[in-house]
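Input: a single structure, listed below in structure tokens.
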Amino acid sequence: MAGKARVHELAKELGVESKTVLAKLKEMGEFVKSASSTVEAPVARRLRNAFVNNTGSPAPAAPPAATPPTPTPTPTPPRTPTPAPPPGGPRVTAKPMPPRRPGAPTPGPKPKGPVPGPPQSATPAAKPASAHDIEVAAAEARAAALKAEQEAAVKAAQAARQQQRDNVRREPPTEGGPRPGPRPGPGAMPPRPGSPAAGRSGGPTPGPGPRSGGRPPARGAGNNPFGIQGGQQRPPAAGAGGPRPSPASMPPRPSPASMPPRPSPASMPSQRPGRPGGPGSGRPGAGAGRPGGGGGGGGGYRGGGGGGGGGYRGGPGGGGGGGGGGGYRGGPGGGGGGFRGGPGGGRPGGGGRGRGGGAAGAFGRPGGRPTRGRKSKKQRRQEFDNLSAPTMSSGAPRGQGQTVRLSRGASLSDFADKINANPGSLVQEMFNLGEMVTATQSCSDDTLLLLGEHLGFVVQIVSPEDEDRELLAQFNIDLDAEVAEDRLVSRPPVVTVMGHVDHGKTKLLDAIRKANVVAGEAGGITQHIGAYQVHVPHDDQDRAITFIDTPGHEAFTAMRARGAQVTDIVILVVAADDGVMPQTIEALNHAKAADVPIVVAVNKIDKPDANPDKVRQQLTEYGLVAEEYGGDTMFVNVAAKPGTGIDSLLEAVLLTADASLELTAPTDGPAQGVAIEAHLDKGRGAVATVLVQKGTLRAGDSIVAGGAHGRVRAMLDENGNQVAEAGPSRPVLVLGLTAVPGAGDTFLAAEDDRTVRQIAEQRQARRRAAAFANSRGRATLETLMEQLKAGEKTSLNLVLKGDVSGSVEALEDALFNLDIPEEVQLRIIHRGVGSITESDVMLASASSEAVTIIGFNVRAANKVREMADREGVEIRYYTVIYQAIEEIEAALKGLLKPEYEEVELGTAEVREVFRSSKVGNISGCIVRSGLLRRNAKARLLRDGAVVADNLTIGSLKRFKDDATEVREGFECGLTLAGYNNVQVGDVIETFEMREKARV
């Protein structure tokens, strides 16, 4: 294969000096370094054209426009070789035709069908070609050979694939139009044996009749199969094949017209003659393959293979282009010659198939395109749009809007039981929805609602109250069953004392009970719910009243709400000197929500600044209008310390109870009520303060309160005396429970221990399932990001232990309601009732992070304290709730990362700059304000703009002495570490970062 032409070769070819060629290339705008440099083929072609134009010789002919079509059919010429003069003299060239694009010989017929167009003209040119023109054409052919060789394989494959498509949709032959090919020979004369006319390396070309002209033998100068035709005819080499019989001398072969019709889209309307064979007559291949000549043309309907073509300098038998394929079922083409192929050399040019082509082998049709056509963009887009994710049929039933009731934390197995389905099918449905849930795992409410909506069911999550009611119904226990009137007896009223902290609620109860409870309360504030029963003479009768004392501190909101739910009447205590306060309004709202009557006790009227009328005016704004103002609310002025107005208050309570309420309850039957408070006693175990609402509770009864159960071992009143039985509205302390119940849990007595144990176990299981479902939630991207952020936060881990469950609950709620920044978080690992035990210390020490144990009104034993010291666990004790809240809040803020702010120290002006090879530039400065300190942060200002920031004062001296700091008005010398771009007049500003207090 020919390489790129060098400058000296071009100069030798053009007959000029190399420097002339270099100058010409420079004039053309091409950069060439020396005479040995190579030149690309297009540049070489332009160079030759330029020299030809300068010398007056004609350049290679450009393809002229096609001549208009004529009625008479003219043969389509073969390739367009530039005719060279024979040894005997110059030959006449034909009129130039559009040259074929340089490329490899096409191993088959023309890819596309016959295109109607103007016929080719074979008029010979009048001017013979000169020897110089031949040399120019030969050199140009060599230059185009490289590019043509690279495109040869692609062109051949494309032509074969196009031929396969055109075989199907080929139209009836019409007059041959112009097609790229070599220029015709000297004249239109029939081919003769041994003539240089060679078959085109392709199949038959549609034409109306026999072709009359021959083909010049040369395909390019120097037998280049990819070059521009114009080489000189060479004598046939030995072994290249002798003269072939002409089409006229051969007997006619069966043509498509004489054959029975074959099924094809075009229905074979006419004969497709071979090229350049005779009309419809197949032949073994017209024209011998000659050195320098094209391949022999294929035959007709079942024509023979084409002859071998000559190479550029092919030896005997060296084929140029592949021999022309056969006709309708043409034979294979002859071997193609190489660039400098030896005997029989060159690459074999596969014979182009005619209409029908060669037979398909084991690996498909040779040279054909793949059987599966390329899809259009629109078709691929439609297929992509029609794609859908594969769905697996789970077999789960589909609902029609039926309602399914599920408890909190229900599993997929529970759901499957409700709709009579297989739990595995629901697991698969959740998998299709993107949720990984097992059949027995507790699911959140959102997950159950999502699955129900997907299956067509309406899921209703049962509330805790309804859930407990359904649980008791399984044991034939109905808390709301109606009671016959003959079983009802009157019961004492239950009165709850509520109000703001330090307004004298407990002191008022002490005055009523004639006791001193305030002295026993830590900090003088109530932190428990106290239940007492007092007897008051009224209308010559001994009337019993049950009082419930609730805390007034803001942390005990749940306790106040619980007290309002179990009460009949609320006494709202308001201090006459303070007036209405926030917890007063909250207690008022609790009472209204419980729909119970309110009696207002205006306390502390004995103080000098007391103003009872102000209290009445303030409460009027909240809907409590005094009777003296025309309302229906009783206001009583009392003073708890001297005991003023106590009798009037009790009388108002009894009058309200008799006038507004019908207080009756059955005394027979199992006891039912509410656990107001519970705690863990060291000597007596779990102790619960219960208020009986129905029936009678006796010692030895089996009771269940929340998740705790047991048998009543003893009952105590508010004074510590044992009680044999407790009727309605009677508060007692119950001993004998297996665990500490939660404050506010309902209790009931049952016939045997087995029933209460099953109820307690099912309550505990449902609570655990609900807690697990709520803690897990749905795993979404948002929750995942929140968990990742939470892992980066600093957390304060606590273990809460208190004396009663209500206090622990209040402390936990207060801590979670603290307004703390997002950088820190509060985690309560465990909470419980009772003293601090070794288990609490072991739990705290086993945690990966530091855990603090908070003891609220409880202490740790000596052995437990020693273990905590050994394990490094901190224990803190508190007796007042707001003190615990304040210290824990301070600890949370102490975990915050410190924030720093910039504080300016001073400024200095640069008066002189000294160069030093040892330390760099030394700035001679005078301190204008503040002070300069060694190792302080600094920034350099020039004309009011910051030139450099975050610098450090490396050294600081006064005269020759090192200085730690230099104050205002003094001169100094300093260096900025790692920075030397200091100029006279610059300002050095020093600052430091100080920690800012977090709010």
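Every residue, even glycine, has its Cβ placed from backbone N, Cα and C.
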>> Between 3-6, 603-606, 643-646, 831-834, I'd like to know which one Swiss-Prot lists as region 'G4'.
In response: 603-606
>> Quick test of your reading of Swiss-Prot: among 17-20, 537-540, 549-552, where does it put region 'G3'?
In response: 549-552
>> Quick check on the annotations: Swiss-Prot lists region 'G2' for one of 524-528, 764-768, 819-823, 914-918. Which range is it?
In response: 524-528
> Per DSSP, how many helix, strand and coil residues does the region 'G1' (499-506) have?
Replying inline: 2 helix, 1 strand, 5 coil
> Counting each residue once, how many in the region 'G4' (603-606) are helix, strand and coil under DSSP?
Replying inline: 0 helix, 1 strand, 3 coil
